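*Asks:* Below are the structure tokens for one structure; questions will follow.
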Amino acid sequence: MAQAIGSSYRLKTLEGSFPVPPAATPPPSQMQPSWSEEKAEAPVPADSGHTGVWPLDEHNARLLDCVHPRGWENPERPADFVYDLVAVGAGAGGLVSAKQSARRGARSALVEQHLAGGDCLNVGCVPSKALLRCARAAAEIRRADLGMEPSPGDVQFAKVMQRMRRLRAQIAPVDSCETTVKAGADMYIGKATFTGPNELKVGDKALKFRKAVIATGGRAKVPPIPGLAEAPHLTNATLFNLTELPPRFVVLGGGPIGLEMAQAFRRFGSQVTVLEGLGRILGPEDADAAVVVHRTLEHEGVRILTSVSVKSVQHTAGKPWPEIRIEVGLPGKEAETICCNALLVATGRAPNVEGLGLEAAGVDFKPGLGVKVNDDLSTTNPDILAVGDAIDRPEFRFTHMAGAMAGMAVQNALFEGEDLPVNAPSRRLSELVVPRCTYTEPEVASCGVSNAEAAKAKGIDVDAYTSQLDDNDRGILEGAEAGGFVTILCRKGTDEIVGATVLAERAGDMLAELTLAAQNRLGLAAVARTVHPYPTMGEAVQQCALQYSRARWRKLSPGA
């Protein structure tokens with residue numbers, strides 16, 4: 001069972017040699033980052049088997065020591081050994097499944113072929129929020145209404161990215177392979193392939209299991225636009241490898257990832273254009289919130305084109321940047337060619353379900369859609385469950401939902417019939433309230449149904465309660481963006497919260513209270529009864545609740 005880390009990335013890097021991970025690691029994405037070759041610490045051969053993390057400075061070396069340690073030895077188990085639970089994929093879903101089951105006494109294993117921590121740690125939530133913090137600082141420096149002399153706020157992009165890499169490496173030990181072993185689970189690095197209903201292989205090792213959890217996550221979906229696959233484009237998997245700021249930056253997609261990075265790179269100094277195929281950005285969210293975000297980004301200099309059809313992508317190689325030409329069609333206008341040096345594809349996500357041998361395991365799935373799951377997360381094989389971005393429910397594809405689903409999967413797989421532990425929200429997907437947030441400035445956060453139209457589509461009649469942040473003292477003092485608000489939707493005639501939207505500087509933080517109330521059926525009256533500290537943005541939530549309560553006050557009759 002012994003697992004050891006061989007010579008580390010850190011030591012090899014300091015010695016000056018280029019570290020190449022084990023051969024089991026998949027080759028890097030063809031979507032290479034663009035930077036000046038003379039500034040790269042070492043050439044990266046396309047067939048090197050490199051993990052795709054660049055540049056190999058001390059921070060990324062520390063990261064790789066945690067999430068894909070060099071020389072890792074997979075466990076040795078007897079041929080007749082049977083795991084209680086094997087999790088495939090070491091993102092949020094797999095980490096929680098393996099660690100939680102091990103801590104509850106199960107014989108557990110976790111398998112990861114690429115980077116432990118998954119997209120969130122390595123190429124998603126963590127690095128993107130590090131960039132957003134620097135972008136917000138740059139924007140504040142340029143503002144003239146805070147009693148300070150405004151500054152051009154010239155951004156040193158290389159230092160921004162270095163800070164991101166440092167903080168990502170600081171967070172990485174939480175998701176490390178060693179931490180998984182310390183929690184009591186076996187850790188395998190390699191590709192998992194199911195060979196039967198209760199068995200899979202990792203390299204030459206066969207793992208037998210009672211139960212398994214598919215937690216293989218997802219990847220950026222690249223649309224079939226002529227010339228796009230051949231052009232040097234970026235996705236979230238390669239964006240955070242950049243070390244130089246692209247002068248002209250185009251984003252395909254007006255969803256959360258695209259808009260967050262569009263605002264950040266504009267604040268860093270790039271010329272930015274967003275291309276969205278729908279009639280507006282942030283399609284699933286409240287229309288009023290989307291209008292404010294659209295207006296804010298355009299005010300900052302981001303060009304946003306909606307109802308766009310991308311006809312083709314062409315490119316010409318160049319140093320340090322290529323020349324990329326995007327031909328787009330616009331409603332009622334002639335076709336336009338938009339030129340840029342870096343193209344970020346943020347048009348949605350696709351589940352990683354191909355090549356796992358799911359057919360041999362008897363697990364039904366569809367490429368591009370995901371693993372078919374029941375309300376209890378079970379698949380067509382009753383001994384295999386699936387969670388996170390790998391399942392066929394796109395509304396649940398968030399890091400926090402993958403973790404929540406993993407806790408459900410452990411409970412349903414190994415402890416069926418027992419009382420739920422205090423940290424388990426439910427046994428069923430249909431009972432979960434899903435919080436989500438777009439971390440632009442202002443942020444858009446929502447849970448449940450996001451607007452009255454969405455509620456009506458689900459057959460729910462609602463009462464809406466809205467509080468404007470223009471009337472919130474803390475919002476005024478903080479210089480909050482005009483148009484911020486909190487809207488809470490309740491089932492008509494009751495205080496049952498069925499959805500909420502918050503548009504504010506820290507909307508995600510404010511939403512937690514409403515998600516708590518909705519998930520636990522506390523009702524809007526409970527929010528009204530709760531004393532909120534002054535002055536806080538959270539008072540706007542209470543003001544919505546007070547609208548419900550005041551309508552039900554008993555009033556004294558005249559002369560009483």
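Residue positions begin at 1 at the first shown residue.
Cβ coordinates are placed from backbone N, Cα and C, and glycine is handled just like the others.
Automated prediction, rather than curation, is the source of TrEMBL annotations.
Note that this is a predicted model, so its numbers are computed, not measured.
Checked TrEMBL, it gives:
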- 16-47: region 'Disordered' (REGION)
- 19-30: compositional bias 'Pro residues' (COMPBIAS)
- 83-404: domain 'FAD/NAD(P)-binding' (DOMAIN)
- Cys120-Cys125: disulfide bond (DISULFID)
- Lys129, Asp389: FAD binding site (BINDING)
- Gly253, Gly254, Gly255, Pro256, Ile257, Gly258, Leu259, Glu260, Glu276, Gly348: NAD(+) binding site (BINDING)
- 434-543: domain 'Pyridine nucleotide-disulphide oxidoreductase dimerisation' (DOMAIN)
*Asks:* Hey, which of the recorded positions Cys120, Cys125, Ile257, Leu259 is the loneliest by Cβ count within 10 Å?
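*Replies:* Relative to the other recorded positions in Cys120, Cys125, Ile257, Leu259, Cys125 has the fewest Cβ atoms within 10 Å.
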*Asks:* Below 8 Å Cβ to Cβ and six or more residues apart, same chain only. Which residues does that give for Gly255 (NAD(+) binding site)?
*Replies:* Ile281, Leu282, Gly283, Ala346, Thr347, Gly348, Thr438
*Asks:* If you take the centroid of the Cβ atoms of Gly253, Gly254, Gly255, Pro256, Ile257, Gly258, Leu259, Glu260, Glu276, Gly348, the listed NAD(+) site, which other residues of that chain have their Cβ within 8 Å of it?
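*Replies:* Apart from Gly253, Gly254, Gly255, Pro256, Ile257, Gly258, Leu259, Glu260, Glu276, Gly348, the close residues are Val251, Ala262, Val274, Ile281, Leu282, Ala346, Thr347.
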*Asks:* Starting from the Cβ of Asp389 (FAD binding site), draw a 10 Å sphere and report how many other Cβ atoms land inside it.
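*Replies:* Its Cβ shell of radius 10 Å holds 30 other Cβ atoms.
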*Asks:* Any idea what the Cα distance is from Ile257 (NAD(+) binding site) over to Cys120 (disulfide bond), rounded to a whole Å?
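*Replies:* That separation, Cα to Cα, works out to 12 Å.
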*Asks:* Rounded to whole angstrom, what's the largest C-alpha distance between any two of Gly253, Gly254, Gly255, Pro256, Ile257, Gly258, Leu259, Glu260, Glu276, Gly348, listed as binding NAD(+)?
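*Replies:* Between the outermost Cα atoms of Gly253, Gly254, Gly255, Pro256, Ile257, Gly258, Leu259, Glu260, Glu276, Gly348, the distance is 14 Å.
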*Asks:* Can you figure out which of Cys120, Cys125, Gly253, Leu259 (the recorded positions) comes closest in space to Asp389 (FAD binding site), comparing Cα atoms?
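*Replies:* With Cα distances computed to Asp389 (FAD binding site), the winner among Cys120, Cys125, Gly253, Leu259 is Cys120.
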*Asks:* How far is it from Glu276 (NAD(+) binding site) to Cys120 (disulfide bond), counting Cα to Cα, in Å?
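*Replies:* Each residue's Cα considered, Glu276 (NAD(+) binding site) and Cys120 (disulfide bond) end up 24 Å apart.
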*Asks:* What is the separation, in Å, between the Cα atoms of Leu259 (NAD(+) binding site) and Lys129 (FAD binding site)?
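*Replies:* Their Cα atoms are separated by 13 Å.
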